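Features reported for this protein in Swiss-Prot:
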type	residues	note
ACT_SITE	93	active site, proton acceptor
ACT_SITE	268	active site, nucleophile
BINDING	93, 94, 95, 96, 97, 147, 191, 218	substrate binding site
BINDING	306, 308, 311, 337	Zn(2+) binding site
REGION	249-255	region 'RNA binding'
REGION	273-277	region 'RNA binding'
């Protein structure tokens, strides 16, 4: 019987890897894309929809769930899996990114970060110990440590000071929940901005702490694609090879392909569902905007190469009509398709790595998104 936290690599192709991470709520095959369920639900879709399209793990947001409905209320309901009826694994972030995005509404100290709720202005304090407590109440399969995500453009002195504090916070998180304490896994988050030596320092310090996996944080925060790829390809291979590697909040299909190429195992992003609500849909021929007049009488499927419910059942003309009529069904059908696209991408990557053909697989996506590919290795 597999042990919770066990990460087994099944194949590699260059730096790309495929394997399985065992969690309390089942296995997660990597590389994997995690749909984002900020407040406990993935926008526009139900758990049955997610199950039908092959989602294996979703993400919840500690900050938002703490403020509403409250982590203690969720705990009284039996945890987030019971509360939202998603029986497979859940990863919760620490809420740090959201808190630091509040800018003028927060204050950072060694103790933690004090902030005011965006809902009612009430004052709160997130300490490393507090965010662990919240996530244990949520009973997520994977908990993330509290970290400071420094803003893009922060100077090296500030980034270095922030990094040292983030490392101390990471140790406090682990002290609050030692390895092997229960069924919840805990990942550390490497930081360091866009300074390679600080990134290396962060990895060196964090890997001395016994985390179950490691994340690259602080990317996709306003930098250019070239800058992001430079840090990604430099740092990803430095993360422990025997632990899962997670690229937080990134990104486009080509970002994910490049992340896999650099040795990353796990991804999350709001892009597929956010773009679905805006009418931007991903297809095997690239992105299309379903709002456009050219689709008004198009009886063909959204993507003839996709087998999702949306593509099997409805025409582009109908999807365009739903969007312009502002029907809620539009959000659901578009989200089902976009999420299927992202999940098919990582499913195909797993197969290509196992077959030793990932370079060829990557080249297909480079051809679909040539302008973006020109900015990537």
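Yeah, the Cβs are placed from backbone N, Cα and C, and that goes for glycine too.
Taking the mean position of the Cβ atoms of 306, 308, 311, 337 as the Zn(2+) site, the remaining residues of that chain whose Cβ falls within 8 Å of it are 301, 302, 303, 307, 309, 310, 312, 336, 340, 341.
Around residue 337 (Zn(2+) binding site), the same-chain residues six or more apart in sequence whose CB sits under 8 Å from its CB are 276, 281, 282, 302, 303, 306, 308, 310, 311, listed in sequence order.
Comparing C-alpha positions, the residue listed as 'active site, nucleophile' sits nearest to 93 among the recorded positions 93, 94, 96, 97, 191. According to its DSSP assignment, the residue listed as 'active site, proton acceptor' is in a strand. For the recorded positions given as 147, 268, the lowest number of other CB atoms within 10 Å of the residue's CB is seen at 268. Here the residue listed as 'active site, proton acceptor' is positioned 15 angstrom away from residue 191 (substrate binding site), judged by their C-alpha atoms.
The Cβ centroid of 93, 94, 95, 96, 97, 147, 191, 218 marks the substrate site; residues of that chain outside this set whose Cβ lies within 8 Å of it are 100, 144, 145, 146, 148, 149, 189, 217, 248, given in sequence order. According to DSSP, the residue listed as 'active site, nucleophile' sits within a strand segment. If you compare every pair of Cα atoms in 93, 94, 95, 96, 97, 147, 191, 218, the residues listed for substrate, the longest distance is 15 angstrom.
Mean model confidence for the region 'RNA binding' (249-255) is a pLDDT of 96.
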